[in-house]
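Colleague: Quick paste from TrEMBL:
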TRANSMEM  44-65  transmembrane segment
DOMAIN    98-312  domain 'ABC transmembrane type-1'
TRANSMEM  101-121  transmembrane segment
TRANSMEM  133-157  transmembrane segment
TRANSMEM  177-196  transmembrane segment
TRANSMEM  239-256  transmembrane segment
TRANSMEM  293-312  transmembrane segment
Amino acid sequence: MTSTTKSPGTAGTPDAAAIVANAVTTGGSARVNKHHADWRGWKFLWPFALVFVFVFIIPILYAIYISFFQTKMIGGTQFVGFDNYIKLFHDPHFWSSVGRVTIFTVVQVPIMLCLAALMALALDSMKLHGTKFFRISTFLPYAVPAVVSTLIWAFMYGAKYGLVGSLNAWFGTHIDVLAPSVLLAAIGNIVTWEFTGYNMLIFYSSLSTIPHSLYEAASIDGASEWQIVKSIKLPELKGSLAITVIFSIIGSFQLFNEPSIMQNMVPGNTITTYYTPNMYAYNLSFSGNQSNYAAALAIVMAIITMAIAYAVQLRSMKDQMK
C-alpha cells in the first residue's frame, strides 16, 4: 500500500507564497483605502477650516500686528514696539472699565445661574403645570435681539414716562433706576432677563439625561425630594455648570450692547465712552482714530478672559475627578 503525499504546490493545498502575497496585497489595499477614506473625511472640514482661519485666526494675528504700531496724522505709521501696551497698563480709564465689568461678573453671573438652575429643577420635578409653556416663555427673551431688549427695559426704567415713573407717581416715591449708583445693577437685570432662559435649557438638558430609575430607587429607599436633588441632580449639573460659567464670564467681559444703547437714554454722562472695555476699544478705534491702541486693548482683554476661563475649567476638571 503506497501513500501519496501532496506537494505544497499541488491543487489540493494552497500555495504558502500565494497566501502571503494575497495577504500583503489585501492589507496594502486596505491601508490605502483607509488612507483615502481618512483624507476624504478631512475634506469635509475644509470649508469650516477656511472660514475659521479667515474670520478668526487672521483677524487676531492682524490685531496683534497693528498693536505694535502707531498711526499719526503726520509721519504715518511707525513701529513703537510695546509702547501701546505700556500706555494701556497706565491708563486709568482702562482699569476703571475692567473693574466695572469684574464687579458686574462677580454679582450678575451667580444670580443668573442660580435662577437658571432653579428653573431647570422646577421643570425637571414634573410637578409644574404647563411645562411646555414655561420652557418656551423662559427661553423667549434670549430670542429677542439685544437692541430690542435694551430699548424695552430702558423705556421701562424711565423716571418720567416709563414703568418706574408711573410707580413713583402712584406711591409718591422718587426712585431713579438710571442713577449712577444703581445703573450697573439695572444693566445686570437686563442681561439676566436675556440669558437666564438660555442657561436654563443647558441645565435642563443635563438633567434630562438622568435615568428615572435612579429617582425610583431613591424613592423606594425613602429619600426625600431635597435628598434626590442634593445627591443625584446637583452632582449631574457640574459639567453643564462649568460650561455656563465659562460662557457667562466671556459674555460679561464683552459687555457692550446694553450700555452702548442706553448711553444716549441715560441723563448726564453716567455711561462714559470707557464704561466697559469693549466700549472703550470701540470708541478709541472709530471715534478717536486710535485703532492701534484699541487693538492692544482688545488683545489684553482676550488674554485676561482666556486666563479666567481656563482657571474655571481647570477647577471644574479637578472637582469632577474627585
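Placement of Cβ uses the backbone N, Cα and C atoms for every residue, glycine included.
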Colleague: Of the listed stretches (44-65, 101-121, 133-157, 239-256), which one yields the highest count of Cβ-Cβ distances below 8 Å with the transmembrane segment (293-312)?
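Modeller: Between the candidates 44-65, 101-121, 133-157, 239-256, the best contact partner of the transmembrane segment (293-312) is 239-256.
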Colleague: How about the transmembrane segment (239-256) with the transmembrane segment (101-121) - do they touch, taking at least 3 C-beta pairs under 8 Å (6 or more apart in sequence) as contact?
Modeller: yes
Colleague: What residues elsewhere in the chain lie close to the transmembrane segment (177-196), defined as a C-beta under 8 angstroms and at least 6 residues from its ends?
Modeller: 100, 103-104, 107-108, 111-112, 115-116, 119, 138, 141-142, 144, 146, 149-150, 153, 157-159, 164, 248, 251-252, 255, 258-259, 262, 265-268, 270-271
